[in-house]
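Engineer: Pulled the feature table from TrEMBL, pasting it below:
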- 99: active site, nucleophile (ACT_SITE)
- 101: active site, proton donor (ACT_SITE)
- 99, 411: Mg(2+) binding site (BINDING)
- 101: GMP binding site (BINDING)
């Protein structure tokens with residue numbers, strides 16, 4: 001166990017602030033000068049002694065980096081930083097909420113997505129009559145990325161920029177040429193919004209197996225038309241894949257496998273408990289809203305908080321509930337975020353899993369059961385567990401004054417972030433696990449980016465000079481000597497331009513392949529932000545790679561965005 005000398009700058013709500021200067025002594029660090037003494041000078045900040053037991057002793061630490069820094073201003077690894085699109089002053093946040101799947105519980109894509117893939121294949125063959133040779137297929141979980149769009153009618157997989165121009169396109173796994181791409185998606189009088197029923201968006205990590213299997217089946221149909229019925233067009237194939245996935249979820253086979261061996265499918269993250277303790281100690285209400293039902297939620301959270309399993313050697317515990325004020329299961333997001341959604345809310349008996357009728361969260365006496373316990377007698381009253389309901393119920397439970405006082409953390413653009421931000425005005429944080437690698441590759445590629453900028457600038461200059469000479473030769477009043485000289489200069493420029501263009505294109509391709517060999521940088525398509533990046537920018541106030549990164553910053557942190565620059569400003573201010 002490692003202990004660190006501390007200087008902590010953390011702010012609590014005014015009603016919890018200790019107005020006295022606080023002296024914190026390290027329990028294990030003594031030298032010739034004696035124990036290390038640190039005094040918190042600023043009355044705006046205070047110690048959160050109750051959280052220290054869970055944070056100071058944290059082993060080896062990314063989470064400990066905040067509190068172990070003598071200056072209280074740690075250098076946080078680029079892959080674990082929180083990035084800001086819209087200002088969030090944590091002093092104004094009174095409640096922080098979390099999704100569970102792929103947020104508090106980070107699934108291992110190599111095992112969990114493969115489990116979903118294998119289950120879907122089995123349903124396609126057994127229930128939907130697909131050829132048995134599909135059972136021999138395997139899943140490459142590294143191939144697909146978030147932000148892609150499936151063209152169901154054409155069997156294509158698309159990556160587009162923020163303006164919805166298709167930049168990269170594959171038919172199954174075959175790269176579509178530039179001319180074919182333009183002919184398919186660029187020669188219409190009306191712009192395609194790519195939002196209708198003919199398209200499917202891959203905006204969650206749960207969808208990667210779905211996209212990969214769709215591409216496999218497109219290739220299979222093209223190569224083996226005799227093995228696929230004519231009625232099975234690309235659209236029908238996608239519909240069958242979705243139906244098979246739904247079957248896996250309905251019969252509980254996926255969750256049953258995870259429940260049997262959580263450590264095989266879920267990453268262990270030691271940063272979550274200290275982060276939640278810090279939030280609770282700072283006076284915030286902490287809640288969770290998940291679409292998973294109570295039985296599965298309890299299994300997953302037992303593993304996340306204590307590595308307990310259902311293998312018979314250890315029983316499930318309710319200890320993890322101490323980190324939350326409210327847990328809402330079976331929420332049916334994103335519909336949950338509409339207050340007019342009339343879904344009933346039930347209290348969950350955590351021991352049995354039975355549901356109790358409520359009136360806005362207050363238990364109602366059951367017919368024939370006059371001995372119902374009053375609310376203050378309910379076990380685990382420090383954290384009440386519910387199922388269903390809507391955001392109106394949650395606001396009453398939290399007793400918040402306005403929606404802007406709530407920060408919600410999730411991984412799904414549409415299921416977690418878009419509606420909670422756009423409809424409710426909650427502050428939002430998007431979890432993007434891919435960002436850790438993306439940010440580190442970007443940070444280590446500064447020289448490559450400079451070279452790309454120089455090549456692009458040189459290419460632009462040569463093209464401008466080439467156009468100028470061509471115009472002069474076509475429209476200028478030139479004598480024979482001048483024409484010969486300009487023609488010679490033009491030939492030199494054209495050779496030079498071809499060389500620079502080829503070098504620029506190859507360098508740019510190589511740069512993007514550092515991020516992903518097929519789709520390139522998650523947040524870019526060429527020099528434009530990708531469609532996914534545009535959604536992140538629009539709907540996520542904050543975004544980061546892991547939920548535990550929130551514990552690396554003070555709970556009173558004021559997150560401020562960088563300056564927005566238009567093209568004319570960027571050209572002037574960045575040179």
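Including glycine, each Cβ sits where the backbone N, Cα and C put it.
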Engineer: Sorry to bug you, but what's the C-alpha spacing from residue 411 (Mg(2+) binding site) to the residue listed as 'active site, proton donor', rounded to the closest Å?
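Structural biologist: That separation, Cα to Cα, works out to 8 Å.
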Engineer: Cβ distance under 8 Å to residue 411 (Mg(2+) binding site), same chain, sequence separation 6 or more: which residues?
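Structural biologist: Looking at Cβ-Cβ distances below 8 Å from residue 411 (Mg(2+) binding site), excluding near sequence neighbours, one finds 99, 101, 102, 103, 204, 205, 430, 431, 432, 433.
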Engineer: Looking only at Cβ atoms, how many others are within 10 Å of the one on residue 99 (active site, nucleophile)?
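Structural biologist: By my count, 25.
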